[in-house]
Every structure is written in C-alpha cells, then in structure tokens.
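Here is what Swiss-Prot records for this protein:
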BINDING   Gly605, Pro606, Asn607, Met608, Ala609, Gly610, Lys611, Ser612  ATP binding site
Amino acid sequence: MNLESTATSAEYWSDLADALNTPMMKQFLAIKKDFPDTILFFRMGDFYEMFLEDAKIASSILDIALTKRQNAVPMCGIPYHSKDNYISRLLNAGKKIAICEQSKPEEAGSKLMTRDVVRIITPGTVIEENLLSGFQNNYLAVLHLKKSLIYFAIADFSTGEVFYSSVSVTGLERLIAELEKFKPSEICVPKSEHTFFQELEYFKNREFTVLKNQIETSEKDSFQVLSKYLNEYIRETYRDNKLVLREPKILSSGKFLEMDRETIRNLELVENEKEKNNTLYSIFNFCNTAKGKRLLKQRILFPECDPVVLYSRWEKQDILLKTVLAPYITALKDFGDLERILTRFRGNHAYPRDFRSLLNSISSGIKLKEELEKVSYPFLIPIEELKKISDFIQERLHPGDDLPVILGNGIFLKKGFSQKLDQAREAGVKGKDWILDLETKEKKRTGLNTLKIRYNKIVGYFIEISRAQAEQAPKDYLKKQTLVGSERFTMPKLEEIERTILEADEIIQEIERTEFNRMVEEVLKFSSSLLSFSEEIGDLDFQISLLTAKDKFGWIRPKLSEDRSLDLSDSRHPVVEATLPPGQEFIPNSVYLDTQDKAIAVLTGPNMAGKSTFMRQIALNQILFQIGAFVPAKSAKLPIVDKLFTRIGAGDNLTAGESTFFVEMKETANILNHYTEDSLILFDEVGRGTSTYDGMSIAWSILEYLSSLSVRPKTIFATHYHELTELSRLGGIFNLYLETLEKEDRVLFLRKVKVGKAKKSFGIYVAKIAGVPEPIVKRAAELLTDLESKKKEIKIQEAQPTLFTEPETKNFNSQTEESILKLKLEEMTPIEALKTLEDFQKKLRKQK
C-alpha cells in the first residue's frame, strides 16, 4: 500500500468536503441538484463559473483552463458578455446549458446573492439570434408510441413552426425518412417509451432527451398528447410559457413526394457527405431573405403531389416573367427574419434593433405591395395592420440604425417622445460634463498630475491618485478604496454629481424598459398578420429565386404529363452542369418512360461513362418539376410521381454488423415493398455485392417481376450484367447504353445515351487509367481473352438454351426427358432454373 498516496487522497477529500461546505457552494449544489443533466452557468459578477464535473466537461470542450477553488473544487469560467460563443460550442457537442443569474443579496448585509436558473438552452430549443443560422431551421422532434402507431412532432421553436404525422411501428422507414429531412438537433421521448425507441436500429447511436413528466394519454387525439409534451418542454426550458407555437401542419401521406433516406442522401438535395455546397439547394438558392432560404429548402425536401399547387406557382411565375426583377430583389434585401423576431419577443429575448428590422421590413413590404399590384401579382399582405404597427413604432423609436444591441447601452426612444425622459438625458449629459469640469479643477487645485475621475459599476464614481502622490490628497477627500498602485477617494461635490447622474440613468432605464415592454406587447397583438406577411415574403423570394436560376442556367418550364409518361429531351444534371469548370459543357441526354411498353430501361455501359449521373439527373429534373421550378432540358413533359426511390451505391453498416450486400438488399427490399404504379425507381448495380451468378439471378428476377405487372413503375436499371439485356424480349423492358469510342489503345466516354446495349464494360481500361500496375493490367487482358473464348466455346459446344426456350431433347434419355417435361418453369426463379440445368449437365456428362 502506498501510504503517501493514501494520505494525499484523504487530504484531498477532506479539503473538498470543506470547500463544498461554504455558503456559495451549498447554493451551487442545491441548484445543480435540480438540473443534473445540464452544465450549470453559475453567474458570479462578470463571469459564469462552472464547478466540479461541469467544469471538467466544459474545460475540455471549450479548451479553457481548469483551476481549483480553495485547492479542491475544480472550476472554470467565461466572461458573461461573450457567453454565446461558448454556449454554441457546447450545444454543438450535444450539451445542455442552464443559465443561472444573480439578482440581489439574499438578505440585508449578506454577501451571498440570490441566484435562479432563468433559461435552459438545449440543442433543439435555441431561439437566441447569435446561436442560430439565419437560413437554417433548428428542429426538435418529439416521438410518442401509442399501440401500433408512432406519433411524431417536429417543431422549430425559433420560428414557431410545427409538423405532425404518424407511422405504423412496422413502417419505420417513413419516420426515418422524415427525420432525415428535418435533421432535428434534439429528439425527445417520454420516459416510459425510452427503452422502445433506444432499441430501434436507427436510434442506437442517438442521445435522447427523456421527458420526465408523463402526459396522460387518454386523449383520443394523440396529436394533442404531442402538443402537451411540446408545451411542457417549453415551460421547462424557457422557465415560463410565453413561447407560443403555431398551428401544426399535418404531413399526410400522398400530399408530398415521398423519398426515403437513401434517396435524399444519394441525390444530395441539401447536403452531401463532404459539405453543404454542390447540392441542388446550393446551386439554385438565390433567395435574399432568411424565410425564403428556409422555404426553398423545405420545398426541395417536400415536393408537391398536387397539380393545383404547381399551376398556382407557375401562374405567379408567369406574372413575374413579364416584369423586371431587380427592384423586387433590392426590396427583399431589407427584410428581417420576422418569424424569429416574433419568437424573441415572446421569449423575452428581443433586441432594440429588432424594432428597426421590423420597420424596414414593413416599409419594403408596402412598397412591394404597390409595385406588385400594378402587374396583378397576388401579394396578399395585411396592409392596414402593418401600417398600424409601423406608425406605433415610429412614434417611439429613435431614428437611425445605431440602436443599441442591448437595452440600456444606448438611445432607444426618440427625442420628444417623453418630456421626463428628455430631461433625464439632459441631466445625465450635464452631469458627465460636470465630472470632466470637476477633474480639471481638482487637478489644478491639488497640483496632482496623476489625478483622474473614473467610474465602475461596483465602486461608482471615484477620484484615483497614484500611491506616490496619495499622501498629498486634500483633507476634504474621503478614502474609498486602496489598490496596489493607487488610492481611490470621493468628495461631497463628486457624490452630489454622481447622485444626479445615477438618478437620471435610473429614470432613463425605467422609462425605456417600460416602453420597450409595451412595444413588444403591442407588436405581439399583430402576430398573425406579421406571420402572414412573412409567408408572403418567403413565397415571393422563393419564386424570384426560381426565375433567377432559370435565367442563369437556361432552364425551361416543364409541362404536366396527362398519360403518366416521363419525356425529357436533352436533359442535364443541374448540379454537375452548374459546377463544371469554365469552357466545359455538359452533354445532354434524352429519355422516355411510360407505364407499359417503355416502363423499364436496362442501362449498360462502362464505369465512368455516366450511368449514375444520367439516373440522378432524371430524378433531380423530376424533383424540380414537383416544386414548381424550371428544369435543365430542351423540353420536358413529366408526370406527378408519388414516390421516388434510388438504389445508388452502398457501403458497409459496420455498427449494425451489416455487409455491403446486406445493406444493398435491404434498400432493394424497401423499394420493392413500397413502390406504386406512380413511382419512379432508379436501380444502380443491383447484385454486385455478391457472386456473379447470385447477383445476376437477383437482378434478373427483379426485372422479370417488374415486367410481369399490368401497370409498371417507371424504372431505370443500370447494370454491368450484359446478360440482362436479353430481357428486352419481355414486356415493358427496353435497352439503353452509354456510347463509347475505341481509338487505338484508348477509350473515349462520349456520355451519350443511346437505344441498345453496350458491347463491352472496358473495366481493364478503367483499371489502367486508374494507375493499376502495367503487368497486372496486361495479365488481366490475357485472362479476359481466355475467359471470353471459353465462354464462346461453351455456348457452341453445349448450345445451352436460355431460360425462356425449351431445351433440345434428342440426346436425352427418356427419364431425363420426362423430368424436363414435368418442370413448371413459370414457377421457378432464375437461380432454381440454373441449378436444375446444372444437374442435367452432370447427368449427361456421366452418361457420356
């Protein structure tokens, strides 16, 4: 036993016990007990201090010094005025922060201040402007299990938006797809349901916020239960219930184009694996308002299935096409984020400059209304209510853009609004002039050149003299404070001026705070009108963004297909084209799909030829069409698609113990179990994750199945199994390929889609240009030649029948013939057929 370390340990715990027994640490521990899952920001003067385990966690994340209080208690601290930066970093690390403020001494003569938690900030409940990105929503999800259904709410507390929906416990893919679209920063579940959700595969690596207060679930409407959970969490985190969420929108099945999580990721709609640039959202986001940017992202993730909505958007665009957009764009740049301003007003987080932003927005909105009325654009804003708000604010607000960030740090109310306020300001200004004058006179009277009159919040106004000259201070100076290098004094005249200044400041603070609160309350009376105004602004910004993309990229207006066919002429990939280097042009391609004879395209061609790009551009054109946008094509006639599936690429899911092939089959199964006749399906290399014959058999069987349907979903099936092109003899299947040009020892990928089938895969050439060593490439070419010649020999020698022709029987004995005649080919899978054929071969070889 190490006696020295034992003694040290005992000494440490003794010191820690003593340190925790102080009045302040007792107060900290009492508050911390009520907020165990948060990092407690404990206000002490101009700092927020963190203690014990909170300090260890925070210091590690924030990279700040960890010290010890009274040699035992771990602690770290941050300046109160720069807390937002630190809070942001803790939120990004998934932490919750409890803000504990100090107010007044607990009792007369006590040095211990009263402290209370005034706000709990969690990743999903942020409304503070400095902690949010203007163009991104910040969602929180609440999940609730009731019988065989999972009800879920998605809410953005910063904008007040709420979305409700439900899924069957057997239909979790839709829940996962919705969560992938919204990307909630925080997911909340009731305590009694935590285990159920934690055991679901998708949530295994997710941290939940457990809602401790169980809501009575007797209500028939489970959405009411979700509403109660949301409001309870608001009360818990905001410490009051002022924050109000808006009327929820129901995410009903069939209203929007359904896309699963793989499709959202594969198409890189709003983000990709590396960044948030080079996505569909990033290349045609020309919005100028925060609301417009958020709305554009929502509409990309939720394309419409209602043609009436699309026609309405097109009608608005047709009006704007006849006008000059520049004045509208200029006006939109003056708009503030009205949704979040209103939320801050409700949550006691408003800033003086929010009123200026509100005024500018209303002023620009009124001008826009006047201009848009001239061209009969339906810009439906509540003009009279907006004018009332504007007049009310203008009567009070200080003119100019130099309003203080925080109330009390500058002029908020205009001169002339309140006589009492003007007098107090004048007294304050005069008092400060008197201070300067007094300093000059005292320097002259005393002859002390180090004399200065200063101010701080703790001591107030004081005369400061260096220690070297302090003994020469006049007798009428009263000592106030001793420092290492100076002495601080006061005098009757200074105290008189100080009272004048402080009384004036107190009057100013009281009047401005009272009027500020009154202005907030008045604005909130018009919340509904302001939110309606915000929606109209967002929609106008969205429409102008689409028109800007049309002009910039040369996109065209698609037409609605009446016969459910998909017809794209010279279509292009919007993102690839927009990000090509100068001088390069995207090679366009055409495609036609219907639900009968041209429903399923088997697409062949070498790697790098452009198969995946071709499929993605079809999907992206379809999405652009269903949000009401223009599309990159020469002409386009597109149907309303209810579900869009992509199976493009796959990787191991190691955490779930799933191989690449298993992931691929899960995605394929999801498509085949959920498609409808109005779906668009894009398969890329199905079956490549297993052996050649297994993979080919699965791909073959899928195509056979899709062909057998009376109404076939529109499908592109990209493959390297050239044998699958033989299936074009089946109904609904046809062949497409990516054209190539062989030139000496080079292969040119022409990127052009043609009707027919590819002759080669050019895999060895791709290996060569990728840098595979020359001896390996050369040997691979030899082996390929050998294998292909043997393949031909086998075909010639064996004359093997296809799966769809009856085999020749002249060399078979009667028993073999009888066995073949008994086969029910229509009930056999390709794998079963190949296995049976292999058995017959073995029998024949034995006979020979």
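The backbone N, Cα and C atoms fix where each Cβ goes, and this holds for glycine too.
Computed from a predicted structure; not experimentally measured.
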Under 8 Å by Cβ from Gly610 (ATP binding site), same chain, sequence gap 6 or more: Ile587, Leu738, Phe749, Arg751
Beyond the site residues Gly605, Pro606, Asn607, Met608, Ala609, Gly610, Lys611, Ser612: chain residues whose C-beta lies within 8 Å of the centroid, for ATP: Leu738, Phe749
Winner by Cβ contact number (other Cβ atoms within 10 Å) across the binding-site residues Asn607, Ser612: Ser612
For the binding-site residues Gly605, Pro606, Met608, Lys611, the one whose C-beta sees the most other C-beta atoms within 10 angstroms: Gly605
Three-state secondary structure, Lys611 (ATP binding site) (per DSSP): helix
Assigned conformation of Gly605 (ATP binding site) - DSSP reduced to three states: coil
